[in-house]
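Enquirer: Dropping a structure here in structure tokens format, bear with me for questions.
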Amino acid sequence: MKTKYIFVTGGVVSSLGKGITAASLGRLLKNRGLKVSIQKFDPYINVDPGTMSPYQHGEVFVTDDGAETDLDLGHYERFIDENLSKNSNVTTGKVYWSVINKERRGDYLGGTVQVIPHITNELKERVYRVAKEKDVDVVITEIGGTVGDIESLPFLEAIRQIKYEVGFGNSCFIHVTLLPYLRKAGEIKTKPTQHSVKELRGIGIQPDIIVCRTEKEISKDVRSKIGLFCNIDGDSVISNLDAENLYEVPLMLHDQGLDSLVCKKLELECQEVDNSEWESMVKNIKSLSGEVTIGLVGKYVELHDAYISVVESLNHGGFANNVSVNVKWINSEEVTKDNVDSVLSDVDGILVPGGFGDRGIEGKIEAIRWARENKIPFFGICLGMQCAVIEYARNVLGLEGAHSSEIDPQTKYPVIDLMPDQKDIDDKGGTMRLGLYACKLSKDTNAYDAYEEEVIYERHRHRYEFNNEFRKRLTEEGLILAGTSPDDRLVEIVEIKDHPWFVGVQFHPEFKSRPNRPHALFRDFIKVACTVKEK
């Protein structure tokens, strides 16, 4: 079957849920037996979000092949349950970088390099590349930002040209827009949507389907009005109401007929949708019978999107144990030895996620000490694992001032140190240990009990690691090296004895968890937290 292309744009305001809409549609099409891939176009000039502040961008999601990408790729992977690649995130910076390098090599044979055709051709090639990479039936491309943003214009021109190139019936434009409800007037206003579509049509794109984000169900009259002024059939106006749980959205959009509309407009040869697995999962989510509280101790807690995959993975662990997970957000800068008892006394488990820099580091270490001494389930990820090693070195081995050389380059006991192959690297972007690496597990450990495999593969994003100069001293005092690289050079997982569940991992398991396939470590972490709570 010839590959079909779906483009999702946004209007009126940002953060409308284009990514969830694209991911939900991808799930519905996959449930019809189609092979689907999704990509995100981001109009910012950064090559990738790897060096951006979490306050600016939220989480950096890492793919198997080591790409640092937009957090929407996490939604895509969780919803369609497929591993994406570096080709699934395209930025203005990445495209211009490629075009300028081609110009320097002389690939354009002395021609004047311009936005049209050179930038737009590069953008089109990135769309077609995804189709070829995995031989998929459908490629869904989300265009970041809002129609009308000046930086989005080359992206919109590129997808306009693709519709012309692939021919009628092989592409579909979906516009996600806001329908504000004025409570005082008691009515939904359609004018912002009309103007957004007018802007889109002004650059040559006629939406085939309009998805309306609204807090109130829209009537047939409102659909007809939008259809009339936006030049589409009223039946092609879809209502996308607020949902209690993200994973309900595919079923809500199916009830609105979105996937049927897309199949009809793209003339897709596919089977009837089978949402039974997803429906069963959502039913389970709605009937969770218990609750556990997990203290997430981090430095970016004001912006929950900075830890979105961690939170979703905790929820997945809850699904597997029939409990809802209440995340208690704890700013690590505010945790001290004097207040740690009161701050953490009401949690059933403690998670310290990844991060960079010294801000809040002592609060994380203090929280880990409290979890270790009070036998509260602990899960450390990346920097969280490194902090666990530092805490153990200080308080069990008595190595006063032990630290990471990232935080204290002059420390007498650098139990965490820069990886040898990172020492001559000056550039910050894309130079860390990134992507999927193997890890060999030791038997009779919590990690092995969770995975039930000797060799696992997980995604990494770090420059610093466990310093092997301290391996012997730490293990002699009870630190367990539960997982290492296959050559035994890198320590990937640490645990401790005589504790219900204390696990630190150098990798990022949250990037591989799915709502229908919870990650084993998150599953077991929540399981033990439930047990400890019952006691």
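We number each residue from 1, going along the chain as drawn.
Any Cβ shown, glycine's included, is placed from N, Cα and C.
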Enquirer: For the ATP site that Swiss-Prot lists with S15, L16, G17, K18, G19, I20, give the additional residue from the candidates D70, D72, D81, D107.
Expert: D72
Enquirer: Report the candidate from E334, E400, E406, E477 that shares the L-glutamine site with Y55, G355, L383, G384, M385, Q386, R463, as recorded in Swiss-Prot.
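Expert: Site partner of Y55, G355, L383, G384, M385, Q386, R463 for L-glutamine, according to Swiss-Prot: E406.
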Enquirer: Compute the average pLDDT of the predicted model within the region 'Amidoligase domain' (1-268).
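Expert: Across the residues of the region 'Amidoligase domain' (1-268) the model's pLDDT averages 93 on the 0 to 100 scale.
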Enquirer: Round to the nearest Å and give the CA-to-CA distance linking E406 (L-glutamine binding site) with S15 (ATP binding site).
Expert: 35
Enquirer: Going by Cα-Cα distance, pick out whichever of the recorded positions I150, T190, T193, L383, H508 is nearest to L16 (ATP binding site).
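Expert: Looking at Cα distances from L16 (ATP binding site), the smallest one goes to T193.
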Enquirer: In which DSSP state, out of helix, strand and coil, do we find K191 (UTP binding site)?
Expert: helix
Enquirer: Let me know the DSSP-derived helix, strand or coil state of S15 (ATP binding site), please.
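Expert: The residue in question, S15 (ATP binding site), is coil (DSSP, three-state).
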